[in-house]
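Asks: Pasting the relevant annotations from TrEMBL:
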TRANSMEM  A:25-45  transmembrane segment
TRANSMEM  A:65-87  transmembrane segment
TRANSMEM  A:108-136  transmembrane segment
TRANSMEM  A:142-171  transmembrane segment
TRANSMEM  A:178-196  transmembrane segment
TRANSMEM  A:231-251  transmembrane segment
């Protein structure tokens, strides 16, 4: 029990030290920008269609946009800022040695930082989804909210594990490596109609989006983008990616010899 | 307490520590060496943060890199500063102890006790961003002793402390030593270590050059080639004396003939003879500058001896 609660103590400490104006501002930006885009789209739709407006017609375009803005962009940006530098900030701040010296320091701190990154990013994502779904205002609001929230949870868990591993391996050029990964894999390879896109998180999330929202037309028109596998396959692959990469990060951090300071 | 068996640590092609063999029983030891000498690398090896490239080591009868339980028995105060601006010393020290797996209910009590020992009780609830360098240094010491380790390793612990703080720190370290627990104290200032323990380890270029008490090291130095400087209006008159003996390696008189640099092969002979010559020849010599005031020169002398450049 003592060890089980330790990651939560790390989360508590990390959250406590994170309540800085800069971090709060970043959180607000992550929340505000999808809402602003959805609000703008809704305003334009209202202005152009006026009394012919049928909210049911906008479920798919608004849904796809919201999916792209929150479970993809907001979650990826938030995790880039939170999960990727988990170790590099400690190394640059020369505080890594204090953590590495603790009996449970390395793994517990990394796992705690993983949970913190997920909690912090997910909180922004859920607020953004809630406000955006309310603004879209369709008759499937609850379903859209549930699906987007579930996708945000899965996105945060999987992407946090990926960025954490990148941060643990490339501790010197962490952000460069993570941005490169995001651009090349999640926004490049995930759209390539080949076997390789099936190993990307975004492909799996898009597949779940189409299935859970019941968008069979969308899926049949773009099967390479939305996939045709059952929900269980998508969830299994996402779980495998998350567990494997998180495990690899925890293994790596336990055995890494990071620099502690200028050698004296 | 510590056993190193031909330990070397390489960073790529750079040698961190080089073939260290050492056996230290429980006690207090000063680890002295100039910046870049390998002190921090050695400390990182002792806490298991680094694994030796070659050789093996044991700390408190176990291997630090494979036995994480050992870390519960070691307290380290690294030289690097710590700054979590909006976290208090109490929160930070509590967090550090918690990471040792100590139950949550005990962490607060242990943290408060440690912060009291380093005289931080009044400020321990303030954010660390408001602390002076000395207060942060005290907080670092508190996190090192809070979980009551058997071996305390301090890297430059006097950094940032004012005279009162230094005095308190010295007293605390003496108490620690007297309690029978282990202490490794790294510094590049001899006097800091001397005030806590008479036992030294001299490290330079990643090599252990000498170990023992101050008196033992002095006797090693007495037999180690070194350079001395004589200052005074009659220094040139000593040249004929020094030129005749085989334990002088070289002589160098400055252009105003007021300072004579003597490179000695056997310093002990020099110290035996010099006062007699000055008295017999009735010379005016104002200063005799030995390498004692220049630690780097002492290390260089010991390094030459260690390499076998001289016997």
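Cβ atoms here come from the backbone N, Cα and C positions, even for glycine.
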Asks: Is it the case that the transmembrane segment (A:108-136) and the transmembrane segment (A:178-196) touch, counting contact as three or more CB pairs under 8 Å in which the residues of each pair are 6 or more positions apart?
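Replies: These two stretches do not touch.
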Asks: Any chance the transmembrane segment (A:178-196) and the transmembrane segment (A:142-171) are in contact, meaning at least three CB pairs closer than 8 A with a sequence separation of 6+?
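Replies: Between the transmembrane segment (A:178-196) and the transmembrane segment (A:142-171), contact is present.
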Asks: For the transmembrane segment (A:65-87), could you work out the same-chain residues 6 or more beyond its ends whose Cβ comes under 8 Å from its Cβ atoms?
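Replies: Non-local partners: 26, 30-31, 33-34, 37-38, 41, 96, 110, 113-114, 116-118, 120-122, 124-125, 128-129, 132-133, 136, 144, 148, 151-152, 154-156, 159-160, 163-164, 166-168, 171, 174-175, 178-179, 182, 186, 202, 205-206, 209, 253, 258.
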